[in-house]
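A quick write-up on the structure given underneath.
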Amino acid sequence: MKLPIYMDNNSTTRCDPRVVEAMVPFFTEKYGNAASRNHSFGWDAEEGVDHARKQIAKVINSDSKEIVFTSGATESNNLALKGVAEMYKEKGDHIITSSTEHRAVIDTAKALEKKGFKVTYLPVDKAGMINPEDVRNAITDKTILISIMFANNEIGTIHPVKEIGKIAKEKGVLFHCDATQAVGKIPVDVQETGIDLMSFTGHKIYGPKGIGALYVRRKAPRVRIVPLIDGGGHERGMRSGTLPVPLIVGFGRAIELCSQEMEEETIRIKALRDRLQDGIMSAMEEVYLNGHPTERLPGNLNISFAYVEGEALLMGVKEIALSSGSACTSATLEPSYVLRALGVGSDLAHSSIRFGLGRFTTAEEVEYTIDRMLKAVNHLREMSPLYEMAKEGIDLKSVQWAAH
Ligand SMILES: *Cc1c(COP(=O)(O)O)cnc(C)c1O
């Protein structure tokens, strides 16, 4: 086994060698501009893009004309929310989203609030799940968009997207879904779920960084958006700029591989994740699972280790790449807003670690991680006066702390 171990696949993934292989010719030989219509370099590039567009459309059950290439899911989310808000502002000024969305949605919604739009941030339950009835109850005659993610990037909880899509259709409100963590990992079908706009990205599914897509429905209903970027009118006017052909080709190949291998891969990754979860949780006291016990992404595991500071724990297992519930949100060590939204207290939010397993995770790495986590947590707890007091049966809530 080689160190360091990469176990942060919700942040990004290693590019699959088969994806790199598909991309190489588009750097070295077929390097034309896909918009050049009068020579073979352009035609080759255009063919690469067309093929990738078909690969992507097929996996999400859409038409290839409904795929708009962007630089990633952050841009796709911006384009969806701002593009719809600007286009439909005469119709209404209200947007519904949730409190556990990715920053790319939350911050875009906040930017729209500054421009006068009204945003409802729906709460989630203890497992991080949205109640579709809350969505229904939040809809007013001014609502123009619902934006709810497919699966959460921190805790892996999978939302009841199909029910939300049904409500959106019933009420005639557009439904955007940030499906960045779901596409390529679990079945995502824009017809079955009634999604009208959908964001996703290459680098979370073993493809390259810097390429993403926004699915924009063309019929029933035909969705229209105002572009963020003006220019040559690429991507049917919705996103101008020369297409990054090698990245697009890699994105297409990556999603195709995910789809072909999904069934087998899900079983394998889930078994490793369950072993990791069990290995840690059965051997330690006062550890808590964050997220839904069953409706969860196969590779995600988020655990709070009481009396241990997440950042300190990460320092103790430096040879394993993990993410803590305080670091990923900001530079200011705020506890994760996602965990806070589940009702997790500030202490336990600061004690949380996210394990992201993926295609290249091995059983050996999982065993090593279990062993290292047990040792590191026990070591930190041995040094913790709080842990000692708790073990002695002192109720920490009753302790009078001196003020600094
Ligand atoms: C990673 C991620 C994003 C951002 O994607 P980029 O392609 O890096 O911009 C957005 N939403 C979710 C849920 C993510 O996990």
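Placed from the backbone N, Cα and C atoms, the Cβ positions cover glycine too.
Since this is a predicted model, take the numbers as computed values, not measurements.
Listed in TrEMBL for this protein:
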type: DOMAIN; residues: 5-368; note: domain 'Aminotransferase class V'
type: BINDING; residues: A73, T74, N153, Q181, T201, G202, H203, T242; note: pyridoxal 5'-phosphate binding site
type: MOD_RES; residues: K204; note: N6-(pyridoxal phosphate)lysine
type: BINDING; residues: C328; note: [2Fe-2S] cluster binding site
type: ACT_SITE; residues: C328; note: active site, cysteine persulfide intermediate
Q. Near ligand 1, which of the binding-site residues T201, G202, T242 are found, taking a Cβ distance under 6 A to any of its atoms?
A. T201
**Q.** Whole-number mean of pLDDT values that fall within the domain 'Aminotransferase class V' (5-368)
**A.** 96
Q) Across the record's pyridoxal 5'-phosphate-binding residues A73, T74, N153, Q181, T201, G202, H203, T242, the largest CA-CA distance in angstrom? A) 30
Q: Could you tell me which of these binding-site residues, T74, T201, T242, has the fewest other Cβ atoms within 10 Å of its Cβ?
A: T242
(Q) Check the DSSP secondary structure of T201 (pyridoxal 5'-phosphate binding site), expressed as helix, strand or coil. (A) strand
Q.
For H203, K204, listed as recorded positions, tell me which one has the smallest number of other Cβ atoms within 10 Å.
A. H203
Q) Between T74 (pyridoxal 5'-phosphate binding site) and K204 (N6-(pyridoxal phosphate)lysine), what is the CA-CA distance rounded to a whole number of Å? A) 12
Q: Look up Q181 (pyridoxal 5'-phosphate binding site) in the DSSP assignment and reduce it to helix, strand or coil.
A: coil
Q: Have a look around N153 (pyridoxal 5'-phosphate binding site) and count the other CB atoms within 10 A of its CB, chains all included.
A: 24
Q) Restricting the comparison to the binding-site residues A73, N153, Q181, T242, which residue's C-alpha is spatially nearest the C-alpha of K204 (N6-(pyridoxal phosphate)lysine)? A) Q181
